[in-house]
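*Asks:* Sharing a structure with you now.
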Amino acid sequence: MMKSSTNVEQHLLLPHCVYRAHRVWWVHLGSSLSVFLGGLLVLLLLKSSRFGLNSVGTALPGWRCKRQQKVIWCVFQGVSANVSLSSALQEWAVKVISAQHLSGQILMVIFFCFNTGSFLLYLLETAKPVEYCMKEHDVSLLTELAFNMVHLLHFGLRFLAAQDVLQVWVEMKSLVDFFTIPHSFITLFSRRAWLGLRFLRALNVLELPLILQILGLLRSNTSLKLSRLIAILVATLLTSAGFIHLLENSGDPWLEVRNSVPLSYFECIYFLIVTMTSVGYGDVHAFTVLGRLYVTLFIALGLGIFATYVPEVVEIIINRERFSGRYKDVDKLHVVVCGHITLASVSAFMREFFHEDRGEVNIRVLFMGNFCPDQELEAFFNRWFMNVSFYQGSVLKRKDQERVMMHKASACLILCDRYATDQHNEDVTNLMRVISIKQYCPNTRVIVQMLKHNSKAYLQNVSNWEWSRGDDVICLAELKLGFMAQSCLVPGLSTLLTNLFSMQGAVEVKDESWRSLYKEGIYKEIYTEYLSSAFTGLSFAQASKLCFLKLNLTLIGIEHQSGKEDFCVLVNPPSHIRIKKKTLGFLIASDAADAHRASFYCSVCHRDIADISRMKPCKCENVTIASSSLLSLSARQPSLGVLTSWKEAESDGYVSELESEDVMLDSTGMFHWCNPIALDDVSLTRESAFVLPLNQHVVVCLFGDEGSSLLGLGDFMMPLRASSLTTPELKTVVFLGDPNYFRREWPHIQYFPKIYFLPGSPLCTADLRALRVESCAMCVVLSTFSNPKHVESSMQDKETILSCVNLFHTRFSREATRAQGLPGRRSSYGYPGPRLPEASQPPPSKGTTVPLLVELVNTSNVQFVSNVEEFKSSATMTLTQAFAVGSVFCMDLLDSLMAATFFNANVPNLINTLVTGGDTPALEAQLAEDNHLREGTMSLRLSTLRQRSKLAQLPLDDEPLHSLRCITYEDLFVQALDSLEILCFGLYRLLDPPNPSMKRFVITTPPGDLSLEPADRVFCSVPFHQSHLLVRRRPQAPEPTRPTDEPQGC
């Protein structure tokens, strides 16, 4: 242990020492306290006097200066006369020291340097005693005085620029000045130096991050945060060491015998570091009572600060090393994925991108997000370290784009937050990412997810956005509602299309039940390949039969080129269109290897090969062998599913007699249109709804309220009002929900015919009975829930599930429909429109199952609308019975489209052709201009635009398929193409008995040897000129129905 000093230090007994043998540290400390407390008292008195004068003036408006108040009034007048001068000085001081001006920034750097110099002088002075006598003024004292004059100037500028001088007086910078400046003047006159509280200048380290930011050395948020944390730690350590040094070297002032210990400043720093790390060697410790008391406080407070900040600093430093690098592998293809990066979105993307059915994918995925990944996300990246890297940054910054070599990336994929509360803001954020990428890397392909349909229109105005380069947008809300709308026309179609556009992989089949047939079809997907020269000159029907019979593939469409640069996707095109050389075909196959056979098939070499697995590329000339992956980036067609030139169709005699049908179309020719009608004219009551001749209609249940996000019901109505549908095929649509919500949706759908609205609740059985939901073609339940992040997963679909339960267990007793009309809605089709052919069928019996299509936010909630035990045994939602029969849909099922679009640039065009009913650039331009459809003038051009194939579902025991007398699916496929030009691609078959509810499941592209059943229904594509086949029916008995006492399920 170190020896304590005597009562009086020897250096205080020197002859030149003033007040020899006495310590006068209290004079230095008292000067600082008197300046601070005295000034504080003056400021409080001035503030109180001003408050008193204002109170008197408010209470006595006519108050004037009187003789006894003359002094006070004159002072008040003098202050008022100087208001303008004070304001001018204040404005000048603000401009001088404000960091928003260059002069202020320069002064801040200068003042920081002087503060640092003062602290360095303190470090030099710590080698001397805490208090000592000066024979004459030395250089250190004069330097300190000069620095303190600068500090005093800085304090004066801050005080002059302050809005609240009292607040400036008690702030930390001012307190440091009060306890460091006055005692230097005491030293000047008394020649008695005291080290005092000059170590408080160490708190100036807290200003270091701001100074570095002004100098341009800190630019990222991470660097700024790191510098602030380090500054707090260093300032705490240096200031605490100064306190320990002062207390230990001064000793306890109340003792007669001094107990001071000569500790150096660096020994104090060492002592505190050992203390806060909980090591406690004991070689240095506090001896004085005051020192031990301060150490106690430091352990209680300072140790908590260090324990909190040190791990955070270490984590930032480690993460900066891991996630702030650059991608340097120029020899390997890579893609950049940014936007909404979460564990759920990343895992879904990776599952589809590297699916085994795609074969070997030698592409590295670089995820970029402006955050540090949490432990779960980091663990996921570590599992995929061979294929994935994460970089912390933002694509809005050019330097971050350079880090991931954006200009050399195969594509940049931007993911969106589909549960965002503010959907417009989410789309605008992704739009800004597109603009930034296209500005710095104009040739990089961009695929972006968006939520709202009208957000797509803004992309047309983005510079360097080129459809021909493969740039594309996936609108989730549009596709979700399009899938569900098509299922209203073709029950089960949403399940079939989802299975085709997502990678499921082969599943193990353990039984011979309906599940075996369903599971055989779910691992078939759509691929694109350039058809070999063996297909050149064939009609589509001939090419499709060749693929089906020889290659075990289903050709559903082609990319047709009508000009040099005009392309369009045609599904089941008419017979006058011939396959050209290097035509891109859309094929349904089990994997990419099977689909690739269409690119090298040779009619000479492969004609007699029975085992297609032995089929290899031959050496014949003029045989096209090319994969379409990442190659088919042709110019985007001006229309989808129709011929790009209507003159071509006319010249070939492709003019249907249906063109003479009296219809009104919009200006794009893609949709049925009517004059906009007020919402009140289509609003119903229960009584008026009951007398409507509603049968085979569509009931849409909405749970939105006045504050809910809009679903965009225009996207739902477009497929239901596609111009390819004839007037008898248009189903009446009745919406049920909150009028405050529907009023916000109405302007976007008011120009579609045959729409009604019933104010009410989908949970109200009386409202459902009024709409005759028991006789509808489909009852759709849409969810407006948009923020499931802070809600329990089971509660995200509570209203939807309650609606299902209500419909499952409600018994409907029907009466004959009264064919009465209501005054109100008018349209070009009359009121309420032509009766559909199905309306002539006898009304179903009591208790018939309501055909349901339910949207779920969370896929796990399918357990509430499906068998619980079945859900437990199923790995995913796609393997449940509820999904197999086409009763549920979830936006999560669309995650696969980003990866599918990257590998096949024409997939979005095919989806738009099959699902949206006519999403064309002309439509997008129209919606971008005024977000409304306009009336079109009927012409040969608009009539020709209607002539595109449509998806339908035909019963096998009814015309036109009944007359074919087919036994197997191969017979049906071939004869339907030969005789009717109808392309079949699936079956809708009844579940295994007992099946009292007569539910059906989807069989996607069945094998050719599958035996047909009389009750089967066929998914098919029907050319427009064969639309008359959809209304030709032979009389038949209604399907058996379940007993009324049987419980219903989805």
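Cβ from N, Cα, C; glycine included.
As the structure is a computational prediction, the values presented were derived from the model and not from experiment.
These came from TrEMBL, pasted as-is:
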- 332-475: domain 'RCK N-terminal' (DOMAIN)
- 818-847: region 'Disordered' (REGION)
- 25-46: transmembrane segment (TRANSMEM)
- 102-124: transmembrane segment (TRANSMEM)
- 230-247: transmembrane segment (TRANSMEM)
- 263-281: transmembrane segment (TRANSMEM)
- 293-310: transmembrane segment (TRANSMEM)
*Asks:* Just to confirm my parser: what is the rounded mean pLDDT across the domain 'RCK N-terminal' (332-475)?
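*Replies:* Overall, the domain 'RCK N-terminal' (332-475) comes to a mean pLDDT of 90.
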*Asks:* For the domain 'RCK N-terminal' (332-475), DSSP counts of helix, strand and coil?
*Replies:* 62 helix, 33 strand, 49 coil
*Asks:* How about long-range neighbours of the transmembrane segment (102-124): same chain, 6 or more residues beyond its ends, C-beta under 8 Å?
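*Replies:* For the transmembrane segment (102-124), the sequence-distant neighbours (Cβ-Cβ under 8 Å, at least 6 residues beyond its ends) are 95-96, 140, 143-144, 147-148, 150-151, 154, 157, 180, 195, 198-199, 201-202, 204, 207-208, 210-211, 214-215, 238, 242, 265.
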*Asks:* Excluding the flanking five residues on each side, which residues at least 6 beyond the ends of the transmembrane segment (293-310) place their CB within less than 8 Å of a CB in that stretch?
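*Replies:* Residues 229, 232-233, 236, 240, 243-244, 247, 272, 275-276, 286 contact the transmembrane segment (293-310) from elsewhere in the chain.
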